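> The transmembrane segment annotation in TrEMBL covers A:6-28, A:63-82, A:127-152, A:173-192, A:281-300, A:377-396, A:416-437, A:479-505, A:526-549.
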Amino acid sequence: MDILQICIVIFVLLLLVKPVGTYVYHIFSNEPNRTDRIFGGVERFLYRIIGLKQRGSMNWKKYALSMIATNIVLVAVSYILLRTMGALPGNPSGIGNMEASLSFNTVISFMTNTNLQHYSGESGMSYFGQMIVITMMMFTSAASGLAIAIAFMRGITRRGEGLGNFFEDFIKAHVRLFLPLAFIVTLLLVGLKVPQTLEPMRAVQTLGGGMQQIPLGPVASLESIKHLGTNGGGFFGVNSAHPFENPSPLTNVIEILSMWTISASLPYTFGRFARNKKQGWMISSVMMTLFVAFLCLTYFSEKAGNPLINQLGINSSGGSMEGKEVRFGIAQSALFTTVTTAATTGSVNNMHDTLTPLGGLAPLAEMMLNVVFGGKGVGFVNMIMYAILGVFICGLMVGRTPEFLGRKIEAREMKLIAVAILMHPFIILAPTAISFMTHLGTDAFSNPSYHSLSQSIYEFTSSAANNGSGFEGLADNTVFWNVSTGLVMLLGRYISIIALLAVAGSLAVKQKVAETPGTFRTDNKLFAGILTGTVLLIGALTFLPVLVLGPVAEFLTLN
Amino acid sequence: MSGQRKSLLSGGIAKQALKDSLMKLNPAVMMKNPVMFVVEVGTFVVLLMVLFPSYFHTGERIGFNLTVFLILLFTVLFANFAEALAEGRGKAQADTLKKSKKEMTANKIVGGEVKVVSSAELRKGDVVIVSQGEMIPGDGEVVEGLASVDESAITGESAPVIKEAGGDFSSVTGGTRVVSDQINVMINSDPGESFLDRMISLVEGAARQKTPNEIALNTLLTTLTLIFLIVVVTLAPIAKHFGISLDIPVLISLLVCLIPTTIGGLLSAIGIAGMDRVTQFNVLAMSGKAVEASGDINTIILDKTGTITFGNRMASQFIPVGGADYTETSYWAAVSSVKDETPEGRSVLELVKKQSMEVHPGAAAAGEFIEFRAETRMSGIDLADGRHVRKGAVDAVKRWVLAQGGSIPADLDVESDKIASEGGTPLAIAVDNRIYGLIHLKDTVKPGMKERFDQLRQMGIKTIMCTGDNPLTAATIAREAGVDDFIAESKPEDKIAVIRREQAEGKLVAMTGDGTNDAPALAQADVGLAMNSGTAAAKEAANMVDLDSDPTKIIEVVAIGKQLLMTRGALTTFSIANDVAKYFAIIPAMFMAAIPEMNVLNVMNLGSPLSAILSALIFNAVIIPLLIPLAMKGVAYKPISSSRLLSRNLLIFGLGGVIAPFIGIKLIDLAVHLWI
């Protein structure tokens, strides 16, 4: 039954990949199509308001700069709003202003599509803040990420046309993709009993006779974009484990598919851009293979349960249910965990801290690789980076200098990729090591053993991969954690985006190399194998020592 | 020349390379190779711990530390040795070249008088007289006279070549010797810039610059090194938190095992050896970039004459006319050629033999040979019995027969036109007043060319044939040779146009040439191979010069370029794949003391933590010298399609790279464990 549930969800996803991928391609191909009639008017109106008269294609520098400048403005406005939230309207529960280092962490967290939350929504965020800051940033950060991925695709597949116009892409992503989808998903969720209200907390008398404050709010609207935009920041502290955010297995499946579909469809969109659908499917297949491997690891580890509890003679035939919701069970929890860390959403429907050691290794590893579907665009772009690396190393073995999609990979591209590929382990391992060297770090650990390494490295990996899920169990609302994770999120998002956009910019102006039978093919099974190998050898080996000392050591000592 | 070079290799090169590998320990030199530089720094740190154990509190581990130090030192030395060995082969060749560059005197013409000066004083534009037995004092053009020149100092070819003023055989190279006659040479290079000078600096490796692909690969290797540096440096404080203290030599061992030392140590040797393979092949590449580019070639432009075909016309068929039978026709064709020493004449006899027909030399033996003359355009034999046999141009033979009162067979013109339309040359055969038939002479494709072009096609390389022939003839030869495309009635400008057209489609083009009018096309091509017998302008424009002047070599040059790139990719893949096994050796070893359960990960069942680390480190060191022969010789290259090539190499170097170290480390551990 468990396996069947999982297979059905994966099957539905596979059905959605082609139509959604095609739709995304039509949004950004900038060729006239039917959807223009529906959305064209709104877009033209918006272009007029913002004074976007010239919508010419930009080079990579201008594109990156436009995206960063837009994000800076949004960060500044949001920071001011959070700091003055207490005095602003839309605050029926009387929530105060947010503290400085927490505000810093929060705006960066939401702007970078990470949604790491060191605050708790019920007690730390007004309805105004939820709607104007949090929900707004969930849209804009997702649109920024998607725009980058699209620009990257244009760069590596089209020649000499520039990467597109950022502002146009940004608006199109909202108008044609996120807003309509969010509207549909919100209605579905409301229909399935997720609250959507501006009323304040409700006080109710419990069966035990005591009084309880039941927090409410505009939950469904936030919930929809939270997943569609692979954001993950919950309305409530416990995120999608909360019965108002995720009341039933059906909403659980809707949320899983919401966060997964667009990321999983991007390779297909890429196949359309490359005018070679096989190329897109090749990337999809690698992502799916890695995903299924990690899903199995989590599912079977959780199913096996905790050996210590098993030894106590407690019947744990249902698997390790600690920290999981009974209404989801092992299957829906394992699937949600693997999808949320694959798509780097970061919403959680169970406590990741209480996953079994190897069950917790899978989500950690997915974020370390950051290529298994990945967040809005980022995972795709990273996967292409590994593809270029694979081409570079193995392409030589056919006796030609390496080329990808008909473009030579030379020293300039390798230097830029070097920046991106170095940054990821650096911003995960260096701050983790620092956290173990000072009391500012070690004081936050709630577990003395190898599990504390998992806690710390999970926090930084989640930040670096812009996932945002918390392992929890970490007392992380301190200046040290707020600032360090804030910086990691910033570097994790923008450095690699700039480096990889530069790669796209550099490839876009290259003379295309003719394809002959001697060309190294990148759209077949053999290359899918090479790509998987490259991801595992270069991506995974980097983190093997800490994984061995963390989850693996915990697993071994537990048995 | 290649024989001479091999003997040199077994001689002093290895000894010199040993010395050089010590010299290369100089950090300023090592800096150029970041991967090995990190190993050297690690070696130095461990050395300090061995020398000052009390300061570092490493007294009790001194034996282990000393061993680690020695293994690390050898790792660096092995890498240096590989590079020195590759360089040494070039140097040995340069030394032989230098011998021919001795100071010599020159007879310079100054205002009509001959003045003896030193060759070092010659400048561009000077004219010198070189007589029999003298060395040509510098590169130049023959401006007067004709002489045979021995160029063996440069080409290794002992047969002298003719050099004459004007035309495509006027350029001479300094250091070569005039063996007959006398020539006036106008010097066209200043001292230090001559062909010989350039050649010396090329083979010595002095002018060697990193190729673009090498630079990119180096970036990747440096990045991997930095990543693993981060991994190892951050591991120490984390492990310390769990009460696991990791000694610095252990961490350095882990680092050295993980960084790509195998390819890092062999990378420059692969590059030098690739250049050297080209040189051994008697082709001089002006830069490593050119060799690399030849691996990427998509299109090769070849001249028909001399490259694809022999260039002389050979008899391919006898065609009887006027009711004569085939045996008769071939009989008279053979008789007419028995005493004919021209290639055409010999080819007639060969064709007869091939058709296993009898030739009766007896009938012709007593006859008198009539030589070919421009006026008659016929040759033949006057037999002892008074019959006259002739073969020659169809119209000439027709006139000769008519003059003797003979008649012209009705089908003669039809058949001869047919031969001409197929691109062949018809020769008529007549005995007295009767025409027996025709010999079809045609340009013959060299044996094996078709197979080679098929191989090239499988490799994804297109061949284009250039010829001055008419389109019909060109098409015939093209079909026979199996080239993909041809340009008929081609002028030198056509070659450039074709190169530009192909390049606009994103293709890399290679071509060969020797004439001055080939120079622009040679310069435009991505790989231009000039013939050493060609003009100075051609050699100047090309980025490779073939000392044997064999234009078909371009095909082998492409293979060598591919082999160079494949070797680089194969060893990189191998090096990175090795990390899996090394992790499985070292990681459990590091943590086993604190977490005994880690022994589960000790899949190789290595004897002890220390022996596991040392075994991985020893494997990491010895794999470098073990792979030197492969780096020098290059990975075997077969002309097969790219996907088959890739599967094969991935299997050997990718999968092999994962498996080999598991076996190697286990075997080394069996020995090492006997001691610790």
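A Cβ is built for glycine as well, from the same backbone N, Cα and C atoms used for every other residue.
Please treat TrEMBL annotations as automatic predictions, because they have not gone through curation.
Because the structure is a prediction, the values reported are computed rather than measured.
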> Rank A:281-300, A:416-437, A:479-505 by Cβ pairs under 8 Å to the transmembrane segment (A:63-82) and hand me the top one.
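Ranking A:281-300, A:416-437, A:479-505 by Cβ pairs under 8 Å to the transmembrane segment (A:63-82) puts A:479-505 first.
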> Report yes or no: does the transmembrane segment (A:416-437) come within contact of the transmembrane segment (A:526-549), defined as 3 or more CB pairs under 8 Å with a sequence separation of 6 or more?
yes
> How about long-range neighbours of the transmembrane segment (A:526-549): same chain, 6 or more residues beyond its ends, C-beta under 8 Å?
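The answer is 282-283, 285-286, 289-290, 361, 364-365, 368-369, 371, 383, 386-387, 389-390, 393-394, 421, 425, 428-429, 432, 450, 453, 457.
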> For the transmembrane segment (A:377-396), what are the same-chain contacts with Cβ under 8 Å, counting residues 6+ beyond its ends?
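For the transmembrane segment (A:377-396), the nonlocal Cβ contacts are 113, 145-150, 152, 156, 263, 266-267, 270, 283, 286-287, 342-344, 370-371, 402-404, 409, 413-414, 417, 420-421, 466, 493, 496-497, 500, 503, 520, 522, 527, 530-531, 533-535, 538-539.
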> Determine which residues of the chain contact the transmembrane segment (A:479-505) at the Cβ level, with the cut-off under 8 Å and only residues 6 or more beyond its ends counted.
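Distant contacts of the transmembrane segment (A:479-505): 59-61, 63-64, 67-68, 101-102, 104-105, 108-109, 112-114, 116, 118, 148, 151-152, 154-156, 163, 378, 381-382, 384-385, 388, 413, 416-417, 419-420, 423-424, 427-428, 431, 434-435, 438, 440-441, 444, 459-460, 463-466.
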> Quick test of the contact rule: Cβ under 8 Å, at least six residues beyond the ends. What residues does that give for the transmembrane segment (A:281-300)?
2, 6, 17, 264, 267-268, 270-271, 330-331, 334-335, 337-338, 342, 355, 358-359, 361-363, 365-366, 369, 371-373, 379-380, 383-384, 387, 522-525, 527-528, 531-532, 535
